[in-house]
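Quick look at what Swiss-Prot annotates:
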DISULFID  53-73  disulfide bond
CARBOHYD  87  N-linked glycosylation site
DISULFID  118-207  disulfide bond
DISULFID  125-198  disulfide bond
CARBOHYD  129  N-linked glycosylation site
DISULFID  130-158  disulfide bond
CARBOHYD  134  N-linked glycosylation site
DISULFID  220-249  disulfide bond
DISULFID  230-241  disulfide bond
CARBOHYD  232  N-linked glycosylation site
CARBOHYD  278  N-linked glycosylation site
DISULFID  298-332  disulfide bond
REGION    298-331  region 'V3'
CARBOHYD  303  N-linked glycosylation site
CARBOHYD  333  N-linked glycosylation site
CARBOHYD  356  N-linked glycosylation site
DISULFID  378-441  disulfide bond
DISULFID  385-414  disulfide bond
CARBOHYD  396  N-linked glycosylation site
CARBOHYD  456  N-linked glycosylation site
DISULFID  595-601  disulfide bond
CARBOHYD  608  N-linked glycosylation site
CARBOHYD  622  N-linked glycosylation site
TOPO_DOM  703-853  topological domain 'Cytoplasmic'
C-alpha cells in the first residue's frame, strides 16, 4: 500500500524537484554585485582654481626691478611632463576661460604694486608756459631724410614753478614734454598748457629702476588639479578637441601690453588661424594667429638726456633736459613683402568665413590714441605708431590687390608718450621717465586684432576689417586658448562581484542617516548619542579648518601692502591651502568609508540596477572612467551616503560584538584577575561594617557615660528599673514586666548589619535634626541681634548727626561773632588813624603857637 502511494505521488515530486532546480539556476544567473571604491581613477571635472606662477627670473637682470615681479615665482621645471590622453575628447572654450580673467587681474595687480612706492606727480599739475622746441636739420648727416624729421611743435619746452625741498619756497624749472602729453588751457594764446591727465587721473611716476621688459610667465595649477592642453594644430578656440594632453604649467607667456598687433607670442604650427566668438557679430574681436612671424624694428634716434628735479621733500621728478644731435621722429620698419604675404594668407582664411566677398583693410575708425595707433613699450618708452600703411589694401575675389605700393620697407611714423592712460582702470595714469640715449628694439608680430565693420552683409560685396584692441584680455586669450583647468576626482565607485566581510547583526529601526546634527549639536548629549554623529562632526571640522584658512588668506590679502607680499606670494599661499584641502577631503571620505590607505576597497553596499543596468563585464570592458562617471553622476552623492551609513553600522556592530565577547565564556568568570577583584570588594565591605560597628560602639559609650551609666557589654540585656512605685520582685512573682530600654541580643551577620544600618539612620536623623534646630536657633538669634544692632546704629547715627548739626551751628555762630568783633576793632583802628592824620595840622599849629609864645 505504501509503495503504491509513493508511485502515485512520484509525478508531483518530480515536478517539484524540476521547479526547485530552475529557481536555483535563475538565482545563480542573477548574481549580486557590490559597490567597490577605487582611489586614483582618471576622472576630472571642469573647475576654477587659483593659479600660481613659475619663471626663469634668474636668467634676467637682477638689479632692475621687473614690473612682473617674476622674482617671486617658483623656478620652472627643467623637465616638464606632458602626458598625452589617448581616446579622449574634451570641450574647450577660449572665450569663457577663467584663466584669462585671472591673468588679467594678476597683471593689473602687478602694475599697481609696482607703482605703489613711486612718486605722485600732483605738484606738476600747474600751469606750464610752453614754446615749440627749435628743430634744425643737420645737413651734414647723410642718414637724415625728410620723412624722419619731427613736425614742428612735436616737442614743447615748458617752464613752470614747483615747490622745492623747503615747502614754503618755490622756484622756476623747465622740462621738455611731448605734444601728446600736454593740452592747452582754454582762452589762452597756445602758450599756457597743463599735463593731459591732471583733470581726470592721479599721475604716478614709474620708479626709475622699474623695467617693463616682458619676461615669460608660466601659469601652474596646484596639487589636486590639472591643466588640459589641446594639441589640435587648427583648433579654432571653442568646441571639441580630440588631441588632448595634461600638463602642470603653461608655456612661457610674455605679458606684452600692446594694441592692434600681437608681439612676441606663439605661432600657429600649420596655417594661419583666425578665431572669434561669433564671426557674424561685428562687435566681436577677431584674433589672428600667424604661422610665420613678421619682424618689426623700432628706433628712437634722438639721444635724450634727463635731469632730476626736486618737487618736494623726498620726491623727485625725472624730466627730459635736452636732445643731442638730430631731432628725428621715432619710427618702425617692416618688410613690405612679408607683410603683404601675411595679409594674403589672412584674406584666404577670412574668405572661408565670408564667402565671395572682397576683403578690405582700413585704418582705425577713431578713438583713444591707444586704439587708433599701435601702442607698445620699446626699451622703456611707450611708442604710438600710425599703422595706416599696414591696413590700406583691398583684396578682390580674383586674388588681386589694390594697395599702396612703394619700396621694400614700410616705415611707420611713431610718437612717444610719457603720460600713459593705464589700461587697467579709469582714473589712473602713469608717467614714464625719459630714457637716456638712443632706443632700438626688435619684436616679432605673431598676431593681429581685427574688428569688422557693421552693416547688412547681403547688401555689400566688401567686408572691411580694421585694427582693434584695447581689451588686454584678448592679448592673454591669444596665448591661453589651448588650456583649461580641471579638478581631479580620484575617488570612483563601480560595481564588482566582491563583497566586504562584515559582522552581521540585526538592523535597528532608526538608521544613522536620520541624525544630522551640527558639529557642536551633540555636545550636551550622552556619549552614546554623540558617537552617532562622529562622521558629521569630522566633515564639519574639516570644513571649519578650510574656512579658517580662507579667512587667513583674506586677511593677508587685506594687509599685503604691510607685509610686502606680491600677487604671486598670495597665490602660492592659496595654492598650498587648496592642495591641503583637496588631500584632506579625499582622505576624510576614504576614512569615513573604512578605506584608509587602500586603493581598491570592497564594501557591503549592494549595487542597485536603477543606478546603471549595464553588466559588470560591459562596464569594465567597454567604458572609460570618464564615461562611467557621467553615467552615474546623478547618483554619486546618494551612493556616498549609503557607504557612510554602511560603515557606521559596521562599526556599531563590531562594538556590540566586542561587548558580548566579554561574557561569551563562563570560564572568564573564574579568571584570577576577576577573583582578585571579588576579594578586594569583599574586604572593603567587611572593613566598612567593622568600622561602622566601632563608630557606633564609641558613640554608645559616650552616650551612656553622659547619662551616668558604666560602659557594659554591647549585647547584654539589662533590666530597667521599675520606678519608685514598683519595687523589684522575684522571678516567681506573677505579673507583667516593664519594657527594657536596651536593645535585643541579636546573632548573625545580617541581623548585625540591619541593626547597625538602623542605628546609623537613626543617628543621622537625630544628628541632622539637632543640627537643623541649632541652625534655626542661631539664625533666629542672629536675626534678633542683628535687628537690635541695626536699631542701635540708627539711633546712634541720628544722635551724632544731631550733635554734628548743633556743633556746626555753634561754630558758625562763634565765627560770625568773632568776625563781627574783629571788624569793629579794625574800624575803630582805622577811625583813630584817620583822626590822627586829620589832627596833624592842628597839632603842628598848636606846637608853633606854643613855640612863638
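Positions of Cβ are set from backbone N, Cα and C atoms, glycine also.
A quick note: this is a predicted structure, and the numbers were derived from the prediction, not measured.
A map of Swiss-Prot features onto the structure.
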| residue | record | DSSP class |
| --- | --- | --- |
| 53 | disulfide bond | strand |
| 87 | N-linked glycosylation site | coil |
| 129 | N-linked glycosylation site | strand |
| 241 | disulfide bond | strand |
| 303 | N-linked glycosylation site | strand |
| 332 | disulfide bond | strand |
| 378 | disulfide bond | strand |
| 414 | disulfide bond | strand |
| 601 | disulfide bond | strand |
| 608 | N-linked glycosylation site | coil |
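When the recorded positions 118, 249, 332, 396 are ranked by how far their Cα is from the Cα of residue 303 (N-linked glycosylation site), 332 comes first.
Comparing CA positions across the disulfide-bonded residues 130, 385, 595, 601, the one lying closest to residue 232 (N-linked glycosylation site) turns out to be 385. The disulfide-bonded residues near residue 333 (N-linked glycosylation site), taking a 10 angstroms Cα-Cα threshold over the set 125, 220, 298, 601, are 298. Residue 87 (N-linked glycosylation site) has 249 as its nearest neighbour among the disulfide-bonded residues 130, 220, 249, going by CA to CA distance. The number of other CB atoms found within 10 A of the CB of residue 241 (disulfide bond), across every protein chain shown, is 19. In this structure, residue 134 (N-linked glycosylation site) belongs to neither helix nor strand by DSSP; it is coil.
Every protein chain shown contributes to the tally, and the Cβ of residue 278 (N-linked glycosylation site) ends up with 10 other Cβ atoms within 10 Å. The disulfide-bonded residues 230, 298, 378, 595 include none with a CA atom within 10 A of the CA of residue 158 (disulfide bond). With all protein chains in the displayed structure included, the most crowded Cβ environment within 10 Å among the disulfide-bonded residues 125, 198, 249 is that of 249.
Look at residue 622 (N-linked glycosylation site): DSSP puts it in a helix. Ranked by Cα separation from residue 241 (disulfide bond), the recorded positions 125, 207, 356, 622 are led by 622. Take the disulfide-bonded residues 207, 414, 441: by the count of other Cβ atoms within 10 Å of each Cβ, the lowest one is 207.
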